[in-house]
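S.K.: Pulled these from TrEMBL:
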{"type": "BINDING", "residues": "H114, H118, D311", "note": "Fe cation binding site"}
{"type": "BINDING", "residues": "L137, V138, S139, G140, G141, D171, G184, D188, N283", "note": "substrate binding site"}
{"type": "DOMAIN", "residues": "27-317", "note": "domain 'Gcp-like'"}
Amino acid sequence: MADEPLILGIETSCDETGVGIVRGHTLLADALASSVDQHARFGGVVPEVASRAHLEAIVPTMRRALSDAGVTMADIDAIAVTAGPGLAGALLVGVAAAKGYALAAEKPVYGVNHLAAHVAVDTLEHGPLPEPAIALLVSGGHSSLLLVDDLATGVTPLGATIDDAAGEAFDKVARLLGLPFPGGPPIDREARAGDPAAIAFPRGLTAPKDLAAHRYDFSFSGLKTAVARWVEARQRAGEPVPVADVAASFQEAVCDVLTAKAIAACRDRGVQTLVIGGGVAANSRLRAVAQRRAEKHGITVRVPRPKLCTDNGAMVAALGARLVAAGVAPSRLDLPADSAMPLTVVSV
Ligand code: KG4
Ligand code: ZN
């Protein structure tokens, strides 16, 4: 609706420089510049390289978003920016830019939580989020299950990974298999030609004794080690590594645990809606397994389209829109970038 506030969101927490513009739940622009190619040969994001790339990309990306949306800075009602968690130097570029634009154009600024933004982005595709909802947040740096009573004011963490994040496991296993970085998309692709039941890889923290203490927690480091041992054994025996089968079996182990625990959380809490966000939510198998299992229990799964799952500016704008609609006060102009911002803090 034309009378809803026009929100601009800036994202620079990792390797994507994103500027999104939304009006209410309507996405008007989602401009993105990625430095992923500059990190590929290192097998992971290099913080200094990412910061410099943000610095070079932020103004052109900003201009592109405004032009795509057909608006000017004067039309914007509020600016939202990722204040954390993420790489300190990378966050600083976005936060400094947001402050500069806010000061120059006299706009309120909201420093927001990147992880809450991964949940909020779904509203751009499916409209308002029915609350309470359970959110499964799976990215390169985080894997958590949350109870979302009110996304504008706070979320309750139910569990999280005790070692590697789900995306990190994809990245490490891809490396083992000689696939490019980031590892999620190539594993997703390879797995389509493989047999998910070919190799029985371990399902972390699902044994009855582990469930007692870690019902909603995840562990992917044992799985990663199991894949490494399996691949090494084949190589030592001088046999070829069946990449598609290993990828499919690994992916199945991850998706099995993520969806089983997410659905258990919904059922335990009597919650009807499961929203999945973060880069790993782009995974085709995760989406399919979640859908199939949720249907059995009358639970609705909401996952945004893959482009909105990975980091972008639209998700930050979407959370900003939610905060403005809820009447949450803007941040102070001296808001800090907080690389370790806790999940429970939605805005600063
Ligand atoms: O949310 P995101 O873009 O950045 C962080 O906040 O971390 O997530 C990036 C992660 C990477 O680990 C990447 O391998 C993973 O998301 N990812 C995927 C897929 N696409 C991206 N993992 C599995 N399947 C995919 N299709
Ligand atoms: Zn992210």
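Using the three backbone atoms N, Cα and C, a Cβ is placed for every residue, glycine included.
Quick one: where do these features end up spatially?
M.R.: In sequence order, E11, S13, C14, D15, E16, G18, H114, S139, G279 are the residues near D311 (Fe cation binding site), counting only same-chain partners six or more apart with C-beta under 8 A.
Residues within less than 8 Å, Cβ to Cβ, of G141 (substrate binding site) and separated from it by at least 6 positions along the same chain comprise C14, P85, G86, A165, G167, E168.
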S.K.: Which one of the binding-site residues (S139, N283) has its C-beta surrounded by the most other C-beta atoms within 10 angstroms?
M.R.: N283
S.K.: Which of the three DSSP-derived classes (helix, strand, coil) applies to H114 (Fe cation binding site)?
M.R.: helix
S.K.: Just name the winner among H114, H118 (the binding-site residues) by count of other CB atoms within 10 A of its CB.
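M.R.: The largest 10 Å Cβ neighbour count belongs to H118.
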S.K.: Hey, does DSSP put L137 (substrate binding site) in a helix, a strand, or just coil?
M.R.: strand
S.K.: Ligand 1: which of the binding-site residues L137, S139, G141 have a Cβ closer than 6 angstroms to it?
M.R.: S139, G141
S.K.: Anything within 10 Å of H118 (Fe cation binding site)? Look among the binding-site residues L137, G184, N283, comparing CA atoms, and list what you find.
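M.R.: Hits: L137.
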